[in-house]
Every structure is written in structure tokens, then in C-alpha cells.
Amino acid sequence: MPKKCRHLLQTSDLSLDEIKLLLEKASVYANDFNAVSLETKEKMHNKIIVALFFENSTRTVSSFEIASLRLGAKIVKLNMQTSSASKGETLTDTFKNIHAMQPDAIITRHAFSSAPFKLAEFSQCPLINAGSGVSAHPTQALLDLLTLYQHFGSLENLKGKKIAFIGDVKNSRVANSNIKLLQRLGLEIMLCAPSSMLPSVSLKTTHNVEEAIAFADILMSLRTQTERHNTPIFASLKDYGNAYCITQQRLKAHAKNKEVIILHPGPVHRDIDIESAVLEDERSKVLEQVKNGVAMRMAVLEFLLLD
């Protein structure tokens, strides 16, 4: 029988008290990446973490690598394009072979939503889901929450705030994880997209970006995930941007909360998802999200490997 260990496959794996602890620890690291205690560094020194990414990544894989190194751990990144997976080895066999080398944690990303849950059934080390299909990306939701926590000052202040997700919500694991987490914390949610990009959920929806902007205290723009579309929804990304881009003009004309903040999980399609001028605006928290990704992943790794 595999021994019991903690995994992070979805945000519901964490209690609210554990989420608060992660926010507190990550806030310390966000203020100073070098604020890792000597005791933590000593305990992490001999830890070996494997990053097993079957899909492309820039921010997430780099963020986990930097987080691991800042804690004092070692990380091994596997290039799946040159691995035995490209020769026909199954996901399960690849994982079991890596698992047999006894790493202290495995971080995985896969196109199938069920992949991390299947692997967790026999994993004897902590498994972190760094993105699975369109269903879950828990550390992204946590770092987004950290960004909101910093801006609004507390979880209590977040209750009742209104957030609009604009873009390809249906195919976004980021949106899915964020929605589930933010509902637990009492935020009001609206989804804004063309019908083909909206999931079947009992939430407020609109096809009108101006309505979403007027509704929100927080705007979360999402990339159009054309790689997950069977047929084109718009003739071009420019046509999509004409309808859904967050622009200064739209913010000025329609935002009831003039201090509305703008988030995006990346990669951003400039002038398609968000206008370049808005990305440079102080209301944009996109680069803060990237920084907070390192801090939150430091907190998550420490929580799973040491606590």
C-alpha cells in the first residue's frame, strides 16, 4: 500500500485555514525572496524535485524551478519532447519510472484533466498539479488569490468583491480553478465571452465586454486557447480583440469602479486580450502575478515537503 502523503491536485485539497497559512507564508516571500529560514534551507537541501511537463510552459515551469532553488532544493526538469514518451511510452509508465528514482516531489502538467488524479493513486511522494487539461491549475489560482489578498489587504475585504472573467472561459483551467476557489471566499462572479467559449454553469454570464467592465472590481482576462478549438470561432484574433479586448477607452467609458484591477495568467496576447497601454497602467497586476507565482510556489513546496 502506498504511504499517505499530501498532494495538491485542485484547490479543494486545501482547507480554508491551510489557504490562509499559504497566503501568510507566500506574503513573506513576496516581500523578500531571501526570507527563507536557515532551518527550512537545511531541511530542503537534500530534496530533489522533478518537473514532468507534457505541455509547454514558460511562467509555471520557470516559477517552480526558481521557487525550488530559492528554498534550497534541487530540481530536475525533463524535456518530454526528447524523452521516452516520444517513443510511445505511456504516461503511467513514464511516471512510474521517474517515481522509482524516489524524488521527494513531482510537479506535472498534462493535457488530460484526469492525469494527475490517476498518477496520485500510486504516488508515494507529493504530487503537484501544474495544469491538467481544462480542469485545474491550483497554484495559479493560489497566486492569483495572493495578488488579490495583497491589493485588498485581507480575505475579509475580498468578500463581496465582483470579478469578471473575460475570454475563453470554457477552455481555461485557470478560470475553472479560480472560480471554485473564489466562490469559497465569497466573491461574486461574472463570465464574459461568446457563447462557444462559455461553460454551462449557474453563474452570471454576458457576451458584452462593456457590461463585464461595468460589473467588476477585478477583471481577469484570459487567452483565447485556439489549440483547444476544433473549429475557428472568429475569423482572426484581431476580430476577437475588437469585441473583447480590455482597452483604456472601454475602461474609461464603462468602469463604475475606476480603481478596477486587471489580471491575466499569461501568455498575454497584447492588443487582443488587453491593450498594451492598459498593461502598462498601474491597475494592471500582471507582473505582480508572475512575481507572486514564485512566492506562492515556495510556500506550497515548503508546505507539502516539510509541514
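Just so it is clear, glycine is given a Cβ too, placed from its N, Cα and C backbone atoms.
HIS137 (carbamoyl phosphate binding site) falls outside any helix or strand according to DSSP and counts as coil. Contacts of HIS137 (carbamoyl phosphate binding site) defined by a Cβ separation under 8 A and a same-chain sequence distance of 6+ are given as THR60, ASN129, ALA130, GLY131, ARG173, VAL174, ASN176, SER177, PRO265, in order along the sequence. According to Swiss-Prot, the feature carbamoyl phosphate binding site maps to ARG59, THR60, ARG109, HIS137, GLN140, GLY266, PRO267.
Per Swiss-Prot, the feature L-aspartate binding site maps to LYS87, ARG173, ARG223; the stated evidence is sequence analysis.
Counting neighbouring Cβ atoms within 10 Å of each of the binding-site residues (ARG59, ARG109, ARG173, ARG223), the lowest count belongs to ARG59. Taking the C-alpha positions, the distance from ARG223 (L-aspartate binding site) to PRO267 (carbamoyl phosphate binding site) comes to 7 Å. Local packing around the binding-site residues GLY266, PRO267 was summarised as the count of other Cβ atoms within 10 Å of each Cβ; on this measure the leading residue is GLY266. Here the binding-site residues are THR60, GLN140, and the one whose Cβ sees the fewest other Cβ atoms within 10 Å is THR60. Across the annotated binding residues for carbamoyl phosphate (ARG59, THR60, ARG109, HIS137, GLN140, GLY266, PRO267), the two most widely spaced Cα atoms sit 16 Å apart.
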